[in-house]
Amino acid sequence: MISELQQKITVLKDLLKTNKADAILIGSDQNRFWLTNFPSSAGWLIITSNKAKLFIDGRYYEAARNFINPIVEVELFVSFKQVKAFCESNGINHLLIEGDYLTFNYQDWIQAICKQYTVINAQEIRRVKLPSEIQAIEKAVDITRKVAVKLKRFIKPKMTELFISQWITNELVKQGGAKNSFDPIVATGKNGANPHHKPTKTIVKEGDFITCDFGTIYNGYCSDITRTFLVGKKPKSAKLLSAYKKVEEANLAGINAVNTTLTGSQVDKVCRDIIENSEFKDFFVHSTGHGVGIDIHEMPNVSQSYNKLLCENGVVTIEPGIYIPNLGGIRIEDMVLVKKEKSVWLSKSIPRAF
């Protein structure tokens, strides 16, 4: 049986063939972890058609050498001269580099070690999730589900957004998460009109809607869900109740639309059309969703501009929203595992407002 590491290396080798390149240089923490399953904050990984080598500094060297599969050769990193020497000794003249992670600070150095380089969107290599990645994401979602179940009962009038946000953070760790996958968004009342509102000392009131967007990390992989709950039993705003129903309609339609025959933009349109053909047409102000994995936002996107087909075993969010200035907002976000026909609704058991 081919190991997951070998499958990932094959993905990179195919990328080399497609771009007629000699090697790919990986400097991002995310892609180093993706390939080696070894977390580190620095290092350079080079993959050729027949070699894989990791240059890593003294903080990680011994641990990496003992942990990482011997398919990947590990060398103590001292200076970039080692990487240049490796390229020269292996006849590497054309490098692929991670345009979505590397900064201009490295441009001169890369030009010095290689005659030619091609910038790629390196997140694309992680679009298809392997079984261990899916399992980690499923576990992260389940931890988030447990917190959401408690959260719905926990929220009470007179609590502040900040207090609720801190409770979410603590509870995610209690339930087995490593840490937040991002700072929780908690927005009550009028604050809900800001999609990325930062929690404040605003007090939760009876009859308000409160949007809670949060997730955790498990074994290096993220979850990301949003629920807009009602505080109490009767909403103060009939318009926001109507908005909730419309967002939920769009959310469910988007979840059901996800499969490998549609592009990200086509799924976005399914959700967007429902809202734009309603009284709330001016209040959906962001994309429908995004990929989730090692990064909280990664490929593929579910947006008006993403015209690639969704790939089997990709993981995406479906998160339509309505945001009405000076009134409030509604967002419902779920995670979906893409399949050829009927995709898997990973967050189906996470409670909703009604």
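Placement of Cβ uses the backbone N, Cα and C atoms for every residue, glycine included.
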* Recorded Mn(2+) 1 site member, picked from Glu276, Glu279, Glu319, that accompanies Asp224, His290, Glu333 in Swiss-Prot -> Glu319
* Asked: DSSP three-state call for Glu333 (Mn(2+) 2 binding site): helix, strand or coil?
  -> strand
* Would you identify the secondary structure of Glu319 (Mn(2+) 1 binding site) according to DSSP, in three states? => coil
* Structure fact -> Residues sitting within 8 A of the centre of the Asp224, His290, Glu319, Glu333 CB atoms (Mn(2+) 1 site), not counting those, run Asp213, Ile225, Thr226, Gly289, Val292, Thr317, Ile318, Asp334, Met335
* To do: Determine the most Cβ-crowded residue among the binding-site residues Asp213, Asp224, Glu333, using a 10 Å radius around each Cβ and all protein chains in the structure.
  => Asp224
* Structure fact -> Here the Cα-Cα span from Glu333 (Mn(2+) 2 binding site) to His290 (Mn(2+) 1 binding site), rounded to a whole number of angstrom, reaches 11
* Asked: Tell me, by DSSP, whether His290 (Mn(2+) 1 binding site) is helix, strand or coil?
  -> strand
